[in-house]
Amino acid sequence: LRLDKHGVPLSPQPSDDPEDPLNWPGLYRAFILLQVSVLSALGTYNTAIINPAYNQLSAEFDVSIVTATVTIAVNGLGPFLFIPFAHVYGRRPVYLVTTLIGVLSALGCAYAHNFGQLVGLRILNGIFPVGAALGVATANDLFCLHERGRALGIYTVLSTTGGHFAPIPGGLIGQYLGWQWIFKFAAITNSFCLLFTFFFLPETLYIRDRTQDIVEDSNSNSKSSVRRYLRRMNLGKRYPGRELRISDFFWPYIKMIRYPSVVFPAIYYATQYALGSTLPAVTVSHIFAQEFNWDTLQIGLAYGTALLIGAFLGETAGGWVVDSIMNRARVKALKGSSAPSEIRLKAIWTGEIIVPIGLLWYGFSIQFRAPWIVPILGMGVGCFGVQCITTVITDCHLTKSAEVAQVFNFVRQEIGMTFAFYAIVLGEAMGGYHLLFVFFACVGSILAFIPILVLMWKGEAIRA
């Protein structure tokens, strides 16, 4: 029985096989986590890189800015198709195929001749970001429970950073080279990640109930570094007993939405993420062009930098807080993994307070025409709070971590998409952006938070 530094049994228990990902060196596992995080970031990166240039798309294809933003909705659909394949054939082939789709669809967007073609290719591109859900499962392949909070904190900040970083190069390229080169640059970035993944991302799916003969075979094959490398990079691995069924594409998600411990955090997280991160992305181009007469470059640099810094600080702090909370709970329980996962919800309080502060800061400063730095700082504060909130439960259903992450991802994308249709119009109809953001703060931090309070109080009993 293996113990952690607190003397608590590891969960899950690593096997005796050196090719068990839990037995790999810590630096190597961190290197894999970094790759997976970047692959996940490509999803939001591909979506958000065009955000500063929505005005250019509107002028080029003679459509409204609202119409130009709607393809964000499909980014939550792709993992429904690819995750079942990852559970049967391994993570590595799925990462490679979906990244290739990202390359081809981004390149196709650059050569679209009409808005219909662009929407079709953006929809195809939206099928690609499987890492947003599969990355959580990969992190669980690599880390034990007591390490997972910090690992998921690093993964989340890097994966969500894609959407926050993208407006910076997007604004620069759009200003001087035009919107077509924004998509070409995205295709180049995806191509580099595809090549790096092909040569350096190993397979992490591992079945721990294998026989001793297989473990001994792994020991013999691991003596040569070249053999060990080829074994980990093999695309033809087979997992006996795992078969792909039609029900795998929908039944696991139907089962997940029956659990309040999944549904309520998903709705709360999606609402707060959409308010603190997606809302600025789909409205900033219109608001800052109108209020400050900014061009594509200024918009991309300012809001991209604000969200990037806020996300990095918020999620970096959040991961350490969650690990500290879980370690104290496990030591107190003296039973390893017996500490209820709902304890992680205590980490939400920081974000629950900070997100509405950032929203009100942003809305009031826009309405009362404060200097541009004031709403930019409000964006950063709101995004800081959002990243603290992303530490919600994924450990309630450990064997279905990818499905839980996909439920979160799907709800987040669909709620975030809706803001593009009504945020600007609603703000004008209500008499100002300050009232709009008061309304949003109440929805996210009061209405959506009530079920979270119930989970904090009775979550373990409800989940049982």
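Glycine too: its Cβ is placed from the backbone N, Cα and C atoms.
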Transmembrane segment according to TrEMBL, located in which of 63-82, 403-422: 63-82
Same-chain residues near the transmembrane segment (266-289), Cβ under 8 Å, at least 6 residues beyond its ends: 48, 51-55, 65, 69, 72, 160, 163-164, 167, 295, 298-299, 302-303, 307, 311, 348, 351, 355, 358-359, 362, 366, 372, 379, 382-383, 385-386, 389-390, 392, 407-408, 411-412, 414-416, 419-420, 423-424, 433, 440-441, 443-445, 448-449, 451-452
Segment proximity, the transmembrane segment (30-51) to the transmembrane segment (119-139), 3 or more C-beta pairs under 8 Å: yes
